[in-house]
Amino acid sequence: MHNKVLILDFGSQYTQLIARKVRSLNIYCEIQPYQISLEQIQSFAPQAIILSGSPSSSSKKNSPKPEEGIWQLGIPILGICYGMQLLVTHYGGTILPSDKREYGSAILNIINHNELLAGLGDREEVWMSHSDAVSSLPECFSVLAKTDQSPYAVIAHKELPFYGLQFHPEVANTKNGIKVLENFLIRIGKITANWTPNAFINENIEKIRKQVGNQKVLLGLSGGVDSSVTAVLLYKTIGNQLLPIFVDTGLMRYKEAERVKQTFSAYPDLNIRYVDASKTFISKLKGITDPETKRKIIGNTFIEVFEKIAGEYEEVHFLAQGTLYPDVIESATFTGMTAKIKSHHNVGGLPEKMNLALIEPLRELFKDEVREVGTLLGLPESIIQRHPFPGPGLAVRIIGEVNAEKVRLLQLADEIFISELQKNGLYNTTWQAFAVLLPIRTVGVMGDERSYDQVCALRAVDSIDGMTANFTQLPMWFLQKVANRICNEVKGISRVVYDISSKPPATIEWE
Ligand SMILES: Nc1ncnc2c1ncn2[C@@H]1O[C@H](COP(=O)(O)OP(=O)(O)OP(=O)(O)O)[C@@H](O)[C@H]1O
Ligand SMILES: O=c1[nH]c(=O)c2[nH+]cn([C@@H]3O[C@H](COP(=O)(O)O)[C@@H](O)[C@H]3O)c2[nH]1
Ligand SMILES: NC(=O)CC[C@H](N)C(=O)O
Ligand SMILES: [Mg+2]
């Protein structure tokens, strides 16, 4: 059995990133809401606990607190940002809302290279995101490092294995954050790093077998990375109890249905059923312009389609989906405290009453972990390296009302962009790329004639897990070539722009 780390979630947008970083050290961890009881914590039996950040302020009266008993368990605890502030207040220190907000990069000056900071330089770049700050440190703590604005940037309890970081070691901008986590877990927590994608597969096979018994499981198979990996994992586990369904929503990319069929012709045993529901989806979206309403309608329509199909078989009780961690976190949260960004159709869009129980074996994984699992399961490069494509499809890339003609226009533009990326060896170097159709028309001149047509935006981003992203610095000659082809070949689009926003503050999709 592998060692376990418990991450208590106080509602930070980065809690999942902490988990990702811990997992990347081949250490198993789970995120639980901060309210879980001491008994639950003890039965999980973690070797170490990490307290996440939080949007709330520990200087406020009813700020969230963990079970008192966690300080007596005798296991190492690392508090990150809000988590550190909890540690300080527990031992009688004070936190003051500061008038200076410290947000972004800062230089950490290390004064004491103890076990937690072993192997780091004297100065390290770290990433801060707080406004509250420790104003008095309890006697039992010592300071290990400071920044210009934070005199208590890293603290350690003098006798117990309790540590606090004002900065965020889990975000990519903290260059050596992973080293700090590694020191905490492996040096201090003495945890053995033995959790691998292979271990994940084996454990899940066991779990799913128990859950499913000899029942049938319906699977939404989009041909994307997540559901394809889910399909192969489930097929390996329950064989032809699995019923994979591909739904053509009419909001797919150019020739998508045909291409998915072609790819999966290599897996005849999967017995995929192809359902054309494009008319239903398109008609339900008529007149709808609000992004959240679109997402909800699409989510509901998916479930209706699945339930209808399930009704055609005897005894289908389960619906499997390729839901990932980022889908879960951005739709809702473990503690209900994180701000809602958008409803990813497969999670937030689910209707309250659903007759099928969900099976989501990848729910705890990030994209890169899913790709590793897929590779281990023997899926081809062409599926593993595919760019993510959202369940609501082109509906969230057509700003304003969706109709079949706009879908057709966007498909053509998107296909030009993607095929050029592939031809020029740029497809695999960008994380995700696509075109967006804007609801505005602009004036142009074509063949000496005035045109008044639509605008299309190109979007390409570099990311690791979709949680944060930078726009891809595609070469200008390339963008020019794509723009020329789109204006020349797609009648109805006469202007192309390139989106240079990062996430945050923008999201990857436009809606
Ligand atoms: N057209 C579709 N037909 C059937 N199921 C779908 C379809 N689109 C989405 N789904 C279901 O919704 C889930 C979430 O979609 P999502 O786009 O996140 O994953 P994916 O398509 O499997 O992978 P990727 O993120 O790489 O596109 C899918 O895993 C799948 O179960
Ligand atoms: O399964 C999904 N259902 C959805 O509703 C959905 N919305 C966005 N995405 C994909 O998630 C990643 C992050 O997207 P955003 O920055 O736009 O939130 C990007 O990769 C998006 O393409 C979705 N995936
Ligand atoms: N990132 C955090 O955990 C922030 C904690 C707290 N809300 C602050 O502003 O200091
Ligand atoms: Mg997809």
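Note: Cβ is positioned from N, Cα and C throughout, glycine not excepted.
TrEMBL does not curate its annotations; it predicts them automatically.
Values in this document were obtained by computation on a predicted structure and should not be read as measured data.
Lifted from TrEMBL, the feature list:
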- C81: active site, nucleophile (ACT_SITE)
- H168: active site (ACT_SITE)
- E170: active site (ACT_SITE)
- S222, G223, G224, V225, D226, S227, S228: ATP binding site (BINDING)
- 195-386: domain 'GMPS ATP-PPase' (DOMAIN)
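Taken in sequence order, the recorded positions C81, H168, G224, S227 that lie near ligand 3, meaning a CB under 6 Å from one of its atoms, are C81. Using CA atoms as reference points, the active-site residues C81, H168, E170 were checked against V225 (ATP binding site), and the closest is E170. For the pair S227 (ATP binding site) and C81 (active site, nucleophile), the Cα-Cα distance reads 35 Å. In terms of Cα distance, none of the binding-site residues chosen from S222, G223, G224, D226, S228 sits within 10 Å of H168 (active site). In this structure the C-alpha atoms belonging to E170 (active site) and the residue listed as 'active site, nucleophile' are separated by 11 Å. Of the candidate binding-site residues, S222, G223, G224, D226, the one lying closest to the residue listed as 'active site, nucleophile' when CA atoms are compared is D226. Checked against ligand 1, the recorded positions C81, H168, E170, G223, S227 give S227 as the ones with a Cβ under 6 Å from it, listed in sequence order.
Highest local Cβ density among the binding-site residues G223, G224 belongs to G223, counted as other Cβ atoms within 10 Å over all protein chains shown. Proximity of the recorded positions (H168, V225, S227, S228) to ligand 4: a Cβ under 6 Å from the molecule is found for none of them. The most crowded of the recorded positions listed here (C81, V225) is C81, judged by how many other CB atoms sit within 10 Å of its own CB. Taking the mean position of the Cβ atoms of S222, G223, G224, V225, D226, S227, S228 as the ATP site, the remaining same-chain residues with a Cβ inside 8 Å of that point are L221, V229, T230, A231, G322, I383, R386, F389.
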